[in-house]
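Notes to accompany the following structure.
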């Protein structure tokens, strides 16, 4: 349902981007000796003594390396980045995407918008990535589908699979025609059951629409789902096998199921940890977008299309823990070796990281250039690793760089009081601090409104979501540390397909998929029947108060506000106001956060304060 918001008055949303690291356990002390000699134009590295490792292309190559990437999606993980001061925003984007500078990501995976959580900033971050690296690969995956694909009749995008295929193809075409972005990979549905009919129709539809280059990743689900049933179904169905190009697994182990290996498909960790995790190492695509600097050990010295050496001839496990991989460029002119805790090669450049841990009582060093190592008179390279949690890259490439910028400024308090009339927001974009959890919010020009622009909730049909969400639209803004404040908005339902009601809220204590099961204080008004309600949770299971609100108008703008005052840390005095009528009552304080408006259909919000 539609509604327009004229202005917003509230305060304080603390922007942050998480920077977290994966721990790799490695043997505390190792020495490696390598003898380099030519068997082909580039490479054959042979270890000679006990505890050493062979690097040779005599056994051919292993799998193709498709790159390492980052993920923007799964609940507005990049929402605040566009609003950073430009020089700081550019520095962060350089660290992410600029080749031979920082993380130098090969792949950008984004959430395909569907009327919940992610919004237009995904197009922005794709453009910024392409600006810095025109060769970066783009990978789209739906978490949520627009209710259009199910005609509002189902909670599955597979009820009318042809409509869903058309929806995805239009997204790919929109990327090409309106943003000059080529989409390289497309996923099915985040962490949901795959659908054989849909995958076949998607492949046929992409080919028919001129997008035969777009590769399909399935099933973007957890390991057990993918490695047993999907591999089995592909074995029994050649058309399905021909439709799927890449097996994409979330949070995989280091071992693969034999069924998936036998098919010869590319194997991806299409979503993996970007947290401190002692059981997993770096994988293909980290969620969220910023993972850690150590991926530069791979990304700065490889490119998609390089080839792994074969297992036991350049890829394997280290004695005592850890692993090593070696990759060769397609022209066999360059070699890169990455070790977790090692050319007729005259020298190798060495890059080093130490992941500090409390139990080791050491500090972190990330992506440090240690210089060159050269072979001894016997043609052996020696590398000594004296601690665990180290990563080394040995490479013939001289292009590596630890890009740096001056330290960013410290955090500043959010301006209080805060008010937004949306006048300086670009039309059809969402405001910087409004984070949709359900629904889609765009600023549009509204002649005759008190200000020239309003924030309009655009979604008419509930989306097909990947997790349980509210049965109304919701956007959040604010700070989880707030305790006593007032939120006020003026709104109008004088639009086509209008909502029946609107609410403002405080102390919403969960976000994303967890919002619906959390708590809060929600003040609803219903101009259609002149009533109000106050609830203690988004499910509307606990009604705190209700009554008439005859002053509400069905045309023009209404103003509502919600203020909470705490007494003796337990009792909340709730002040709800609509069009100058004030209601006050007491409740037990149970929740913690902030919040704003809702309902599928349209609403116009003119101001929020």
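A Cβ is built for glycine as well, from the same backbone N, Cα and C atoms used for every other residue.
Sequence annotations record features per position, and here TrEMBL assigns transmembrane segment to 35-55.
Positions annotated as domain 'Glycosyl hydrolase family 59 catalytic' by TrEMBL: 118-301.
Sequence annotations record features per position, and here TrEMBL assigns domain 'Glycosyl hydrolase family 59 central' to 313-342.
Residues or ranges marked as domain 'Glycosyl hydrolase family 59 C-terminal lectin' in TrEMBL: 438-565.
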The domain 'Glycosyl hydrolase family 59 central' (313-342) - residue tally per DSSP class, helix then strand then coil: 0 helix, 15 strand, 15 coil
Segment confidence, the domain 'Glycosyl hydrolase family 59 C-terminal lectin' (438-565), expressed as mean pLDDT: 83
Helix-strand-coil residue split for the domain 'Glycosyl hydrolase family 59 C-terminal lectin' (438-565), DSSP-based: 6 helix, 54 strand, 68 coil
